[in-house]
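Report on the structure given below.
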Amino acid sequence: MDDYKYQDNYGGYAPSDGYYRGNESNPEEDAQSDVTEGHDEEDEIYEGEYQGIPHPDDVKAKQAKMAPSRMDSLRGQTDLMAERLEDEEQLAHQYETIMDECGHGRFQWILFFVLGLALMADGVEVFVVSFALPSAEKDMCLSSSKKGMLGMIVYLGMMAGAFILGGLADKLGRKRVLSMSLAVNASFASLSSFVQGYGAFLFCRLISGIGIGGALPIVFAYFSEFLSREKRGEHLSWLGIFWMTGGLYASAMAWSIIPHYGWGFSMGTNYHFHSWRVFVIVCALPCTVSMVALKFMPESPRFLLEMGKHDEAWMILKQVHDTNMRAKGTPEKVFTVSNIKTPKQMDEFIEIQSSTGTWYQRWLVRFKTIFKQVWDNALYCVMGPYRMNTLILAVVWFAMAFSYYGLTVWFPDMIRYFQDEEYKSKMKVFFGEHVYGATINFTMENQIHQHGKLVNDKFTRMYFKHVLFEDTFFDECYFEDVTSTDTYFKNCTIESTIFYNTDLYEHKFINCRFINSTFLEQKEGCHMDLEQDNDFLIYLVSFLGSLSVLPGNIISALLMDRIGRLKMIGGSMLISAVCCFFLFFGNSESAMIGWQCLFCGTSIAAWNALDVITVELYPTNQRATAFGILNGLCKFGAILGNTIFASFVGITKVVPILLAAASLVGGGLIALRLPETREQVLM
């Protein structure tokens, strides 16, 4: 009995060396009952049969059958991992050879434009709310805090989408999850143009942001797996042009659609579909077109091989090869690959079958299984062998996002500040004026009236814009059909005066004294001061800022594979930091626009190199997950940068400039600690 140390689950014994031997008998089987002695085994009826207890012979047979699988499970995770890593390394080099045979041609260019539209939709999403807000705030009566939440909710959604959908793409497939991502964005972006309430609009933009948040990580992971090493850096950089195109598209559409107030309709008094809603729908078109076109593209063969789907991957690679060869005029060339290495599969997906559970139980098990796989994959990126690369990349991504998005919001805010200061410098001040029996039916704008006296005056069908009445006496005056913006009465005495059909609400009268005055049928609707005109200069600024990255995109694409990813990141971030100091000389609108274009043009190379090196540093089964984590952190940096930089507008330029420069210098230097991936095959 020394060789048998423990009892198994079936009442038998297992050897002490940890392996089952099917030809060894259980020692207890030698002991026979006196009751059954002398009976034929064929005639014997096992008494436990009626109680559902398995016969010892059945147990023995089952143990013998299960022995090989138990032996496999006892080999340990370490051996399986080592074997899988060896398989993945062999596959990486073989796949590189296969992509060289497939060539770079028509297939990659078709996929380039399809995925480019998805990336364009990501660029549009960043701008659409900020462009629509000046008009939407009137329809929804938005306060400053609500407008701020709308601006932030898009980034929150994109941050969540990057985390979730990036992880799913490594488990369910690039094409499948990207299609889901685009469908969610297109649906809720379009729906947001029809909803009337602030809460519903906020919710739609949040879900829309979650949908498009997964586009960037998946697009770069997806496209990289159809590129050979020699083409990867350059063509991933070319793909970045579509993000710039998204900004141009949004700016151009806002400029051409939103000012046309007649481009809409009304249904009754409560439902209004104005031109800004048309703009929101138009901005969903790139996403919709990309979603439809993606239906005709195949799944990534590299992902399929990672999942052990050899035949399906082979068919797609043959399709890539044949498409490119036909386009080059050599259709007779045969795809010579017959067998491709597939990594050993470590975990099998298990779910309850229809005969053993209800539909919601099966979906619950499926959800839990996928969630655990995605979570474990994410933990592996930040705690496994890639943790140092992930940490360095996280710092660089955050530094870039904090400075870039912070300054791109700060630039328009500073331009508005310069406009406001110039506007205030032209303000007219009237002191001690006396007006009797006048009829005023024109626009009064940018004026201050102090210590005046207005008697028996009539204000009718007029517009007050940025007007202040201070310490003024109104006697027997009549206000009819008056509209106002940023107009206030301060320390005034108002006697025997009638206000009929005006929007001069109670909060516009500050410390005023009323004597026998009456308010009749005040205007309904929003009681807040809202600008009547859209600032077209802001559209122009965004358009020029997006256009300015084109030279940087071209240069980075041409040099990416020549000078390497690290020099591109470090050089671009350090040059951008130097450009920040020129902002001290930005004391006018035109100067600020010029420095913005310079900053955007120099920083885009770092963004492109970051996209490329992030794709190349991680293996196929972690590529989209890691990209999603880093891109989600990027959106968090954008939120933080927007909030901090905007708080210093009109106070000081020193803090935003120093913060941006320090962030860029620090990120650029830390990036140099990353490994160069220019000559690396895609694992």
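Any Cβ shown, glycine's included, is placed from N, Cα and C.
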In Swiss-Prot, the member of Asn185, Asn441 to which N-linked glycosylation site is assigned: Asn441
Swiss-Prot annotation: Lys175 and Thr652 on one membrane face: no
Candidate set Asn23, Asn516, annotation N-linked glycosylation site, source Swiss-Prot, matching residue: Asn516
DSSP-derived helix, strand and coil totals, residue by residue, for the topological domain 'Cytoplasmic' (227-237): 9 helix, 0 strand, 2 coil
Contact between the transmembrane segment (149-169) and the transmembrane segment (206-226) (3 or more Cβ pairs under 8 Å, separation 6+): yes
Contacting positions for the transmembrane segment (391-411) when only residues 6+ beyond its ends and CB under 8 Å are counted: 382, 541, 545, 569, 573, 576, 580, 592-593, 596, 599-600, 603, 606-607, 610, 613-614, 617, 626, 629-631, 633-638, 640-642, 644-646, 648-649, 656, 659-661, 663-664, 666-668, 670-671, 673-674
Those residues of the chain, 6+ apart, with a Cβ under 8 Å from that of Asn441 (N-linked glycosylation site): Phe459, Thr460, Arg461, Met462
Selected stretch (most C-beta pairs under 8 A with the transmembrane segment (654-672)) from 109-129, 238-258, 536-556, 566-586: 566-586
Inter-residue C-alpha distance, Asn516 (N-linked glycosylation site) and Tyr423 (phosphotyrosine) (nearest angstrom): 37
